[in-house]
Amino acid sequence: MKSQHYSEQTEGTWLALEIGNSRLHWALFHGKSLNCTWDTEYLPESVIQQLGDWGAEEQRGRGAEEQRSRGSSIYPFPFPLSPFPFPLLLASVVPQQTAIWQSYPNVRVITLEDIPLNNIYPTLGIDRALALWGAGMSWGFPMLVIDAGTALTFTAADGDKNLVGGAILPGMGLQLASLGQKTGQLPQLEVEEIQLPPRFALNTPQAMQSGVIYTLLAGIKDFIDEWWRLFPDGKVAMKGGDRNLLLSYLQELYPAIASRLIVEPNLIFWGMQKISMSR
Ligand SMILES: Nc1ncnc2c1ncn2[C@@H]1O[C@H](COP(=O)(O)OP(=O)(O)O)[C@@H](O)[C@H]1O
Ligand SMILES: CC(C)(COP(=O)(O)O)[C@@H](O)C(=O)NCCC(=O)O
Ligand SMILES: [K+]
């Protein structure tokens with residue numbers, strides 16, 4: 001569990017949770033200021049229920065630190081929380097997970113209605129809408145967001161905050177995993193922080209890496225080229241667990257594109273911040 005600096009201030013403190021298809025993404029806010037972020041695995045339902053119990057214990061005067069040592073070993077916070085439970089703003093693209101988080105004592109689930117983009121279609125992923133809103137409101141529209149997560153998504157809005165649309169494809173991890181799972185002879189590979197593989201590979205793992213990486217990069221370049229043809233001054237922001245690896249490859253293969261990218265892991269949290277401020 002990786003965390004940034006945490007300060008001991010609790011006034012107007014709230015938690016933001018984005019539930020992706022691979023893991024949970026957390027942020028702690030004091031009012032509108034983002035204090036720290038961290039990622040965890042999905043939590044067992046019993047732990048989520050325990051969070052409410054911890055809140056009650058806290059009110060009876062037991063410290064969160066003590067609860068952490070007594071309680072479950074799966075304590076989801078990189079610091080003691082007190083007073084607890086903080087209000088939780090939740091955005092999820094995993095309905096089963098959304099359902100089990102309803103037991104959290106003070107939760108508000110963000111829906112597409114909360115996001116002031118025009119032309120949204122009803123099944124648009126809330127993570128895509130929030131990231132686009134957070135990026136556009138922070139860096140300006142027109143904005144194209146590339147989310148290099150479980151799925152790799154492109155999501156764009158024009159200068160009037162109208163959704164232009166986007167695209168969805170399997171992310172790097174998913175492409176490698178599906179090759180391993182759906183074939184008889186290909187190994188299970190995971191995303192590794194490796195140098196660009198040889199384009200024409202002479203062994204199986206490198207052939208899989210070459211195929212996935214070079215076609216992914218060519219596809220990203222093609223979408224960005226088309227975006228700039230439509231919106232020459234349009235901005236491009238990239239987020240998601242594979243963003244840094246993809247950025248390093250883009251810097252090597254397409255430096256002119258890489259130099260114009262805004263790479264920012266917290267786009268969804270900026271979107272949540274804007275929404276929480278306008279309520
Ligand atoms: N600790 C980790 N757990 C899972 N995925 C990780 C981790 N660190 C890096 N990744 C990369 O992040 C990608 C998933 O991106 P992420 O933005 O976390 O997904 P999601 O938001 O869909 O849950 C995977 O393809 C993987 O390569
Ligand atoms: C495309 C997604 C699966 C991406 O999820 P992620 O990889 O970020 O976990 C998610 O945004 C989703 O379920 N979208 C609904 C369909 C749509 O956006 O059109
Ligand atoms: K995501």
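Cβ from N, Cα, C; glycine included.
Where the annotation comes from TrEMBL, it is an automatic prediction and has not been curated.
Predicted, not measured: the structure shown is a model, and the values here were computed from it.
S22 (ATP binding site) falls outside any helix or strand according to DSSP and counts as coil. Residues or ranges marked as ATP binding site by TrEMBL: E18, I19, G20, N21, S22, R23, L24, H25, T150.
Residues or ranges marked as substrate binding site in TrEMBL: Y121, G125, I126, D127, R128, T204. Counting Cβ atoms from all protein chains shown, Y121 (substrate binding site) has 8 others lying within 10 Å of its own Cβ.
Taken from TrEMBL, the feature active site, proton acceptor covers D127. Proximity of D127 (substrate binding site) to non-local residues of its own chain (separation of 6 or more, Cβ distance below 8 Å) is seen for E18, G20, A91, V93, D147, G149, I268, given in sequence order. In the three-state DSSP classification, D127 (substrate binding site) falls within a helix.
Following the DSSP three-state reduction, the secondary structure of D147 (K(+) binding site) is strand. The 10 Å shell around the Cβ of D147 (K(+) binding site) contains 28 further Cβ atoms across the protein chains shown. Residues or ranges marked as K(+) binding site by TrEMBL: D147.
Sequence-distant neighbours of R128 (substrate binding site) (same chain, six or more apart, CB under 8 Å from its CB) are V145, D147, T153, T155, G166, listed in sequence order. Among the binding-site residues listed (E18, G20, I126), G20 have a CB atom closer than 6 Å to some atom of ligand 1, in sequence order. Taking the binding-site residues L24, I126 in turn, the residue surrounded by the fewest other Cβ atoms inside 10 Å of its Cβ turns out to be L24. When the C-alpha distances from T204 (substrate binding site) to the binding-site residues S22, L24, T150 are tabulated, the minimum falls on T150. For T150 (ATP binding site), applying a Cβ distance below 8 Å and a minimum sequence separation of six or more within one chain yields G20, N21, S22, G171, G173, L174.
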